[in-house]
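**Student:** Pulled these features from TrEMBL for this protein:
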| type | residues | note |
| --- | --- | --- |
| BINDING | E146, I147, T148, R176, Q190, D194 | L-histidine binding site |
| COMPBIAS | 45-56 | compositional bias 'Polar residues' |
| DOMAIN | 75-367 | domain 'Aminoacyl-transfer RNA synthetases class-II family profile' |
| REGION | 43-77 | region 'Disordered' |
Amino acid sequence: MAASASASLRHHLLLLRRPRFPLGPSPTFRTSYLPRRHQRLFASAPSSSTVENGEPSSPVEPSEGASVVDVNPPRGTRDFAPEDMRLRTWLFDQFREVSRVMAFEEVDFPVLESEALFIRKAGEEITQQLYNFQDKGGRRVVLRPEITPSLARLVIKQGKSVSLPLKWFTIGQCWRYERMTRGRRREHYQWNMDIFGMPKVRAESELLQAIILLFERLGITSSDVGIRVSSRKVLQAVLNMYSVPEHLFTEVCVIVDKLGKLTREEIEKELITIGLSSEAVQGIIEVLSLKSLPKLEEVLGSDVEAVADLKKMFSFAEQDGKLRAICGGGRYDRLLSTFGSEDIPACGFGFGDAVIVELLKEKGLLPDLSRQIDDIVFPLDEELEGPASSVASSLRRQGRSVDLVEDKRLKWVFKHAERINAGRLILVGKSEWERGMVRVKILSTREEFEVKAGELQ
């Protein structure tokens with residue numbers, strides 16, 4: 001009985017040191033090491049296999065009748081393993097640094113929002129792509145497909161408690177059930193920068209500068225990306241030239257937004273279908289195909305407000321250096337009234353994470369984001385695990401990243417240090433510890449020396 005109790009105690013002490021097995025009779029969960037197309041998660045009863053050096057002696061097999069769960073994420077979504085998280089964190093750091101130097105403040109919103117918030121603003125396409133459902137309280141909710149409505153809700157909520165202009169940014173996850181293509185999934189993270197309360201084109205120029213700064217930080221040049229500037233004021237001026245009724249403006253905007261996605265013939269057909277003359281259709285497409293401001297000025301005249309605004313915006317942008325980056329955004333001065341509030345001039349852009357990562361990979365511009373650890377602390381004897389833990393805790397309080405390794409052979413520790421790019425290996429040995437010392441090995445130079453444990457930095 002005593003022997004059995006002793007064995008049980010040793011077993012539980014092992015489990016406390018290596019908490020990867022359950023401490024009781026609850027089911028264990030294992031991922032089988034199979035080709036990706038066969039990977040499944042098995043729920044099974046506890047294995048009776050022995051444990052040697054903290055590892056099971058044989059793989060856990062699913063018991064008869066065990067439930068099987070696909071371990072792949074839902075179609076169109078992603079897992080972020082450590083290496084993926086390092087890339088995501090690095091990219092988000094770039095977003096945040098650009099936002100910081102542009103003096104924008106960070107905000108955030110719930111991913112789960114009221115369905116009405118998006119049904120009210122969204123067009124038919126987005127409405128059909130919503131992840132929406134009724135919650136247990138009978139409320140219609142949605143996983144947000146975009147961030148702007150949430151932003152508008154917060155601006156309205158803040159009301160007159162904030163002074164204008166507001167310069168806000170956020171990095172949030174968005175969900176749309178849509179057809180997947182390269183760089184487009186059913187969920188993505190999006191960097192938004194928005195300015196409320198700045199009616200002039202200075203707002204657009206500030207946002208353009210932010211985009212340019214980001215591309216400069218990422219090493220993307222004019223040979224990689226370009227910029228297309230469109231203006232609803234320009235479109236309105238063209239429609240006025242051809243006496244197109246004002247009530248058709250929104251429909252025309254929706255159609256011309258498809259330029260580049262549909263052929264010219266398809267665009268022409270859609271415009272004629274809603275009632276535009278052939279002359280007006282040709283004029284609209286020709287103006288929107290112009291690639292320089294002087295040519296636009298020749299068509300519309302220099303006294304048109306749309307031309308004056310664009311000239312001023314480009315004038316501001318020239319002071320920022322290269323104006324050759326591209327990003328989706330624009331002005332939405334009438335957004336707040338959509339939600340029953342007083343309108344405030346507003347302008348912003350959204351920048352997804354998936355497409356930019358694809359471009360950086362294609363151009364070989366991704367940085368080396370290998371795992372890097374400052375120190376590995378390793379006790380050479382089991383009775384030194386306590387002192388080793390004390391050494392690790394002291395270094396962590398100093399801000400160093402420390403991996404405390406136990407129950408391994410020294411050869412494995414050296415290989416592990418190479419895998420994680422550790423800077424130092426700190427060995428806690430019996431003779432050194434009795435003298436209040438530890439042995440430090442600089443892994444890049446193989447230099448070794450002893451240091452007083454209390455002076456280790």
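Cβ from N, Cα, C; glycine included.
Locate each feature and note its surroundings.
**Tutor:** Taking the Cβ of Q190 (L-histidine binding site) as centre and 10 Å as the limit, one finds 20 other Cβ atoms among all the protein chains shown.
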**Student:** Determine the C-alpha span of the L-histidine site listed in the record, that is the greatest distance between any two of E146, I147, T148, R176, Q190, D194, in Å to the nearest whole number.
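**Tutor:** Between the most distant Cα atoms of the L-histidine site, 22 Å.
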**Student:** Applying a 10 Å Cβ distance cut-off over all chains shown, what neighbour count does D194 (L-histidine binding site) have?
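**Tutor:** Step by step: centre on the Cβ of D194 (L-histidine binding site), count other Cβ atoms within 10 Å, giving 26.
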**Student:** In the predicted model, what is the mean pLDDT computed over the domain 'Aminoacyl-transfer RNA synthetases class-II family profile' (75-367)?
**Tutor:** 84
**Student:** Output, ordered by sequence, the same-chain residues six or more apart from I147 (L-histidine binding site) with a CB under 8 Å from its CB, or 'none'.
**Tutor:** F109, T170, G172, C174, Q190, N192, G350
